[in-house]
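**Student:** Below is one structure. I have some questions about it.
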Amino acid sequence: MARQRSPSISTVISERSILIRTIVSIVVIIGVSITWALSTQFSKTAIKTNPDKFSAPYFMMFFSTSFMSMCYPVYMLYEFFSRHNVKVAHVAAQGIFGSKGWTILSWLKTVGPFLFLWICANYSYTRSLMSITPSIATSISATNTAIVYVLSILVLGDRFNIFKILSILFAIAGVVVISVDHSKLSAHFIGIILAIVSATSAAIYKVLFKRQIGSASLGQVSLFMSSLGMLDLCVNWIPPLVLGLTDVEHIEFDYIPWAPMAIGACLSLLFNFLINFGIALLNPLTVSIGMLMGIPLNAAIDVIFRHTPLTFLYLLGTGLIMISFVLIVFPYELVFNKFKKSAKVAQETKENENIEQNSSDNTTKYGTVNHEESAIEKV
């Protein structure tokens, strides 16, 4: 019998890393979808609480972004209580600012462009909620998946992948169906334009983050988020002040819905941490699928808590997005590697059996000839 070769150590490690990556992808996608849905719901509640007394989407965006400054201190506390070398961790985290580490110039140069894209994406999205329905806004915003994939090919040099292409097609189809489901509701042109701007800005942000930051560590992602929040506190307070003084945004401080704003900001902090870390650890497309998963989850919350009627088109769109989810996280590399490995082992086993069979036939043949020759000699 031919012995089957045991898998090499490198093959086992490779398969294990693929499995771990798949599990992390699922966790990130679920986390992104839940935090995005809940933060959107609380933002929606804050906007609708008392619109005559408080109507300030830019102020809400500024307030939410400022919470991100807490990310890095929390990470450093984790390093301290884990008995790690805090100084070494801090030096390693500063790698995102280049070889010289953190300086005012490197801070502005690295974080500044991302803050601009951040403002474009988040303010446009929040502002669009005042003109169009949340379902249409989230649907249009989530179509950044297609933009992300195109930019990933152009900027990051990603290869064409049939599973990712099918995932995008199913995701866009689901988004279109859900949008059609709400097409009877009023939708203003300005709101649609703002949602498209939000989707485009978010896609550029994700791809550029992956290109510039690369495979960042947890500490580097935490420092980047805190740097973004601190830059927001330093310079981004001016626009809401101007908008408030000119009454473009109406704010009466006695009527500011602090509770839903604070809860929404905390959820947004967790959401954006998962976004940035997911982009650094995985890829922008996986994070975008997580955002797409937030659409049916948001609709489900509306159905259960806001008593929005459940429609066939909503169920169909949800099903299409679920198919997209399965396609993007399916560990096809692991499955294909196992299939190829099994086929190779089966082929080698068959070849060994054929060799043994030929060897056995030859032995029998030569044994018979020798026996006949011995008999002739005796005669």
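Placed from the backbone N, Cα and C atoms, the Cβ positions cover glycine too.
Quick caveat, the model's predicted, so the values are computed rather than measured.
According to TrEMBL, the protein carries these features:
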TRANSMEM  18-38  transmembrane segment
DOMAIN    26-179  domain 'EamA'
TRANSMEM  58-81  transmembrane segment
TRANSMEM  102-124  transmembrane segment
TRANSMEM  136-155  transmembrane segment
TRANSMEM  162-180  transmembrane segment
TRANSMEM  186-209  transmembrane segment
TRANSMEM  221-243  transmembrane segment
TRANSMEM  255-275  transmembrane segment
TRANSMEM  282-305  transmembrane segment
TRANSMEM  311-332  transmembrane segment
REGION    349-379  region 'Disordered'
COMPBIAS  355-367  compositional bias 'Polar residues'
COMPBIAS  370-379  compositional bias 'Basic and acidic residues'
**Student:** Would you say the transmembrane segment (162-180) and the transmembrane segment (282-305) are in contact under the rule of three or more C-beta pairs closer than 8 Å, pairs 6 or more apart in sequence?
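**Tutor:** The answer is yes, given that the two segments have at least 3 Cβ pairs within the 8 Å cut-off.
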**Student:** Which range wins on Cβ pairs under 8 Å with the transmembrane segment (102-124): 18-38, 162-180, 186-209, 255-275?
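**Tutor:** The stretch with the most close Cβ contacts to the transmembrane segment (102-124) is 186-209.
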**Student:** Do the transmembrane segment (136-155) and the transmembrane segment (58-81) come together with 3 or more C-beta pairs under 8 Å, pairs six or more apart in sequence?
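**Tutor:** No; fewer than 3 Cβ pairs under 8 Å.
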**Student:** For the transmembrane segment (221-243), find every same-chain residue at least 6 residues outside the stretch whose CB is under 8 Å from a CB in it, and list them.
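**Tutor:** Sequence-distant neighbours of the transmembrane segment (221-243): 56, 58-59, 62, 65-75, 93-94, 96, 107-108, 110-112, 114-115, 118-119, 213, 249, 269, 272-273, 276-277, 280.
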**Student:** Mean pLDDT for the domain 'EamA' (26-179), rounded to an integer?
**Tutor:** 85
**Student:** State the residues, same chain only, that lie 6 or more residues beyond the ends of the transmembrane segment (255-275) and have a CB under 8 A from a CB inside it; answer 'none' if no residue qualifies.
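**Tutor:** Cβ under 8 Å, 6 or more out: 28, 31-32, 35-36, 38-39, 42-43, 45-46, 49-50, 53-54, 60, 63-64, 66-68, 70-71, 206, 221-222, 225, 287, 290.
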**Student:** The transmembrane segment (58-81): which same-chain residues, six or more beyond its ends, come within Cβ distance under 8 Å?
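**Tutor:** Hits for the transmembrane segment (58-81): 43, 46-47, 89-90, 93, 118-119, 122-123, 126-127, 218-219, 222-223, 225-230, 232-233, 236-237, 239-240, 243-244, 249, 251, 261, 264-266, 268-269, 272-273.
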